[in-house]
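Some features that TrEMBL has for this protein:
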| type | residues | note |
| --- | --- | --- |
| DOMAIN | 17-253 | domain 'Orotidine 5'-phosphate decarboxylase' |
| ACT_SITE | K95 | active site, proton donor |
Amino acid sequence: MTFINKLSAAWTANDSLLCVGLDPDMAKLPARFQSDPQGIYHFCREIIDATADLACAFKPQIAYFAALGAEGQLEQICAYAREHYPHIPLILDAKRGDIGATARQYAREAYDRYGADAVTVSPYMGSDSVEPYMEWSDRGIIVLCRTSNAGGSDLQFLNVDGKPLYQHVARLVAEKWNGNGQCALVVGATFPEELAQVRAIVGDMPLLVPGIGAQGGDIAATVKSGRTAAGSGMMINSSRAILYATPQAGEDFASAARRVAEETRDAINAHRA
Ligand SMILES: O=c1ccn([C@@H]2O[C@H](COP(=O)(O)O)[C@@H](O)[C@H]2O)c(=O)[nH]1
């Protein structure tokens, strides 16, 4: 099944546009995981089990694993999610971008090593840096467009031929790069006006929308700006607000994560119509 088909099915099956981010920061995990050599894997596995029926996607952020040399645990997490929740898309947030030969290795890493359904990439190096990902014709390519951080404006807002650069990226991906029909864009929830602009440019193309929760993006404004005519079309990511929903990394972290995920899913759904 293609990434886009799997995503559409997950939106419907779980009645959810919530993407649960897996950004395991060792210092914030309950003590028993910190003393466990497989602690990152075991923590993420409990989060996945607690939220799988509430999510339309899982998004591990590779930096949290690579920084600790814990790629093996990321492989285990991806294998676990694929085996137990094969209907939920797995998005590797790696923001890759390089010349074609190197990009092919990044694509192998995301799609073959981790078995991801989709990977985030930077558009900065242009079409030949993205083409290699299309050799995996059923997998998704999620291109950075208007990121959630304030500094994203430094380049993404540059005026090019009368339009901000991020709008050129949106148009380029929608009109030229989406040959396999498996492309999506990253647009931050912290910029609802730009989210609406991107939606107007790309039609029903899915948007990965980080920036609610810990980054403070407004859920109502996000959904109203980014939804498609059918009230769908987004993977609205929340990582830290779900992972660390208990104060002081309490042992009830999984039930707290579930509660926050459910509240977030419902808050999103309240504005889809
Ligand atoms: O524009 C972007 C692109 C990616 N991210 C990533 O999403 C999550 C956000 O985590 P929160 O804890 O919900 O803030 C994280 O993995 C970022 O690397 C983003 O925030 N903005």
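Backbone N, Cα and C atoms are what each Cβ position is placed from, and that goes for glycine too.
Non-local neighbourhood of the residue listed as 'active site, proton donor': T120, V121, S122, L144, each in the same chain, at least six residues away, with C-beta under 8 Å from its C-beta. The average pLDDT computed over the domain 'Orotidine 5'-phosphate decarboxylase' (17-253) stands at 97.
In three-state terms derived from DSSP, K95 (active site, proton donor) belongs to an extended strand segment.
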